[in-house]
Amino acid sequence: MLNKSIMDGDNPDLTEERMKGAFDTDKMAAVIYGSEKFAIRRREITESISRIPQLADSKPFSFMTREEKISESCRKLSVLSEHWNQLIDTNNEEEALHLYREVLGLEGHAFSLHETMFIPSLVAQANDEQQEKWLGRAKRREIIGCYAQTEMGHGTNLRALETTATYYPSTQEFILHTPTETALKWWPGALGKSSNYAVVVADLVIRDTHYGAHPFMVQLRDEKTHNPLPGITVGDIGPKMAFNGADNGFLGFNQYKLPRDHMLMRHSRVEENGTYTKPPHAKIGYSSMVKVRSRMAMDQGLFMVSALVIAVRYSAVRRQGFLDDKSREVKVLDYQTQQHRLFPSIARAYAFIFCGFETIQLYDQLLIDVKNGDTSGMSDLHALTSGLKSVVTHQTGEGIEQARMACGGHGYSMASYISEIYGVAIGGCTYEGENMVMLLQLARYLVKSVELVKTGKSKELGPMMNYLAEPDTQIDLTSGPEAYVKVFQHAARRQVWKATDKFHQLMESGQSRDIAWNNSAVELTRASRLHTRLYIMETFIRRVSSISDVSIKKVLIDLVNVHVNYEVLDIGTYALEHVSSTQLDSIRSQLYSSLDTLRPNAVSLIDSFQISDMQLRSVLGRRDGHVYTNLFEWAKASPLNQTHVLPSVNQYLKPMMDKAKL
Ligand SMILES: CCCCCCCCCC/C=C\CCCC(=O)SCCNC(=O)CCNC(=O)[C@H](O)C(C)(C)COP(=O)(O)OP(=O)(O)OC[C@H]1O[C@@H](n2cnc3c(N)ncnc32)[C@H](O)[C@@H]1OP(=O)(O)O
Ligand SMILES: Cc1cc2nc3c(=O)[nH]c(=O)nc-3n(C[C@H](O)[C@H](O)[C@H](O)COP(=O)(O)OP(=O)(O)OC[C@H]3O[C@@H](n4cnc5c(N)ncnc54)[C@H](O)[C@@H]3O)c2cc1C
């Protein structure tokens, strides 16, 4: 059996799809998740979870209030605490994240930031003694932490954060203070009600000198009573577009005293007498953000996959309209428009996940290098992850929204759960740096790279930048995916140079650097996007070329073909400089035939992600494909259907109608 999801009693339309798949989904899972070992561990963890009934949702999540969602996730976390060690290797971050996703889904929970930013901040920023004191406690979950940086008035411009941490040598303490309303910390996940500790980012002040944003370990709540400590104002910021299982919070300090050794001092130090030692790299304190950004291609890829699992499975059981055979309606997955809506997103999701593996490894390596005193890789990774987080979050949002529309009316129902996935995923366009701002961070790096080429220093170009120094060449589109890489290189190079030239010309015309930058910003963000999409394409092709299993490689090459054709058409306006409109027409034909080629493997390609029904929380995306019966059951469970006559009918509608009858 090639597709391991085939089960007796499943919807025959889905079974038929799974029989058509030309590759082994377990083998594909090993490629997706980086190794056979981890793919097996994922399945084992999912299997073990299913044997613990208390870890199941106590009722459909979509019918819960926000308070119920928070309570439900806390209940599950307490059940999990009895099983951690038997379920996962607690030192393995990927296993922990898989466990959280399976049991708690994506709407956030009390530990949302504990694993993703609080512990990583301690790992990267705390010195050995501080790690000794707090890291073990955090890993054992004796304490719950979050990452409190953003303020009501400033999130993007970290240099303008208003919260101060003023050091007093006489008492060897910092005083944390919130000088204005806009200085209130605002947004940190799990801050409002769950966390009792936080890594707080504040402006370090010593003897009236401001040293800028630095991280501090701060206790917020009493460990016995969970009440806020004196001098701390903390609470929940209220409901959000999505992610409502998380208590994103506000936090204020009123002259709150903090011992000297609570500043995280791996890289910068404040001595007892107030002497300040600066870090080896000015932006080393920003590392927790780089850590999350380096994960975002993977995490967003998985968000997009969740929506695609739902849309592709549903499209294989949804029958509507006719093609040749007028005796039976077709699966909507057979329509070319449906394939065009969904398959390029499947390709992007695979590509994002392969990029994600690469950037996660790059971050892990950087962490080792920095510990050994080598900060030289920081700028490269900052630039790469800034562009990548911006492009993947935007394209993931587009892909999920198309997946929702591809499910027609039922896609709009919470029974599909796609709107929730969209709401959570789209937050990524904003958190960890607003997308435009992060594209402009990459643009700084691109402009500097062009300046190196212009001044004859091409040898100093960073990784992935050499193409900026290369001349345009003839492109032979029949020579395979590499030709499409060339098209992207041409388009990206031209746009990067064009934007840089514009910036330089504006400065030469007398504009200040900042004004010239602002007046070139749209062109600069375009350059960043093209450069990042080139990186994604190259990574995808490189990863697929490295695969040895013949059947897996074949279907992934089909997916690469969908990707490269779609991407080049999508940047048609830029590509036109290098590709004729006749060539674009031929790319269009190739795209349509590549959709056709991929069609038989569509369900197996998304089954391969092995996302459980528990995690998916979608009636439309059920693995067994029994959509209609369960849709009816789901609707019957609506709180509105627990009584025939609602109190509001008796109170308002009936009297109104009765009055109208008089
Ligand atoms: C199913 C899947 C489930 C997956 C689960 C996922 C669930 C997710 C849950 C978590 C949810 C949310 C988490 C969100 C958490 C947050 O949002 S935390 C807050 C994040 N905040 C930000 O990102 C703020 C963005 N702003 C900044 O980073 C900086 O202000 C900015 C970089 C924009 C500017 O900083 P400045 O200090 O002002 O620096 P500049 O003058 O612009 O640049 C000077 C040079 O420094 C270089 N630089 C900047 N940053 C870095 C860095 N990190 N590393 C290396 N170098 C850096 C910059 O490029 C400049 O270099 P140059 O001078 O050009 O050479
Ligand atoms: C779901 C979610 C979870 C979050 N979790 C956390 C958390 O755990 N901890 C935490 O500390 N924070 C958290 N945040 C806050 C988040 O990091 C910030 O909201 C984000 O960094 C954007 O900053 P901002 O809100 O100040 O946006 P703004 O900077 O005010 O953005 C508004 C507009 O201004 C534009 N803009 C701003 N500056 C520039 C510029 N220099 N050039 C061009 N355009 C510019 C932006 O592009 C955008 O269009 C979270 C946010 C969300 C939505």
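Using the three backbone atoms N, Cα and C, a Cβ is placed for every residue, glycine included.
Note that the coordinates shown come from a computational prediction; the quantities given were computed from them, not determined experimentally.
Record features, source TrEMBL:
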type: ACT_SITE; residues: E432; note: active site, proton acceptor
type: BINDING; residues: T150, G189; note: FAD binding site
type: DOMAIN; residues: 24-144; note: domain 'Acyl-coenzyme A oxidase N-terminal'
type: DOMAIN; residues: 286-447; note: domain 'Acyl-CoA oxidase C-alpha1'
type: DOMAIN; residues: 481-657; note: domain 'Acyl-CoA oxidase C-terminal'
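Helix first, then strand, then coil: DSSP counts for the domain 'Acyl-coenzyme A oxidase N-terminal' (24-144) stand at 87 helix, 0 strand, 34 coil.
Cα of T150 (FAD binding site) to Cα of E432 (active site, proton acceptor): a span of 10 Å. Ranking the recorded positions T150, G189, E432 by how many other Cβ atoms lie within 10 angstroms of each Cβ puts T150 at the bottom. The separation of G189 (FAD binding site) from E432 (active site, proton acceptor), Cα to Cα, is 12 Å.
Annotation note: G189 (FAD binding site) sits in a coil segment as assigned by DSSP. Averaged across the domain 'Acyl-coenzyme A oxidase N-terminal' (24-144), pLDDT in this predicted model comes to 96.
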